């Protein structure tokens, strides 16, 4: 849910417990500031022939600005289910609408700045893409080998989502894409 008033737009998100049960609502800003556990969607957009659509996040993003993203998606709004969120995010970010989404289950991801229950989806799309300028600077196609070679440039949560998708789709060679240890 997004609440609008003349001073600001407040995006409300559901806060969840360790088992992914909703326990509260919070503003997105408070969720980020306090590192509250929340929900997000991850959508692997692919061409059906081995290439993954990769996005470069804008520098104004509140989470990993300027990094590459192996998935589309975003934070689930309060009261929204995962599929609704995935469809909304794909349309807002990339202009993808009216295509089937495959569901690939849920996963938990945690790092220093984020605790999230993610739902993994995929869809086939060949564009053209209508990029949301506030969110995405550019997109390009990459094969899993390219993503693996450049994994330090990617958001860690999107790498986990992509790794799960590749594993669940029997791409065993690329099933464990993780950022390199510094």
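Even glycines carry a Cβ here, placed using N, Cα and C.
Fair warning: this is a prediction, and the values are worked out from it, not measured in the lab.
The Mg(2+) binding site annotation in Swiss-Prot covers 89, 93 and is backed by similarity to another entry. Annotation note: residue 89 (Mg(2+) binding site) sits in a helical segment as assigned by DSSP.
Swiss-Prot lists 36-164 with the feature domain 'Nudix hydrolase'. Confidence for the domain 'Nudix hydrolase' (36-164), expressed as mean pLDDT, is 95.
Tertiary neighbourhood of the motif 'Nudix box' (73-95): same-chain residues 1-2, 11-14, 25, 28, 31, 38-43, 45, 53, 55, 101, 103, 106, 119, 121, 123, 125, 128-132, 135-136, 139, 161, selected by CB-CB distance under 8 Å and a gap of 6+ residues from either end. The motif 'Nudix box' annotation in Swiss-Prot covers 73-95.
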How many other Cβ atoms sit within 10 Å of the Cβ of residue 93 (Mg(2+) binding site)? 23
For residue 89 (Mg(2+) binding site), just count the other CB atoms lying within 10 A of its CB, please. 25
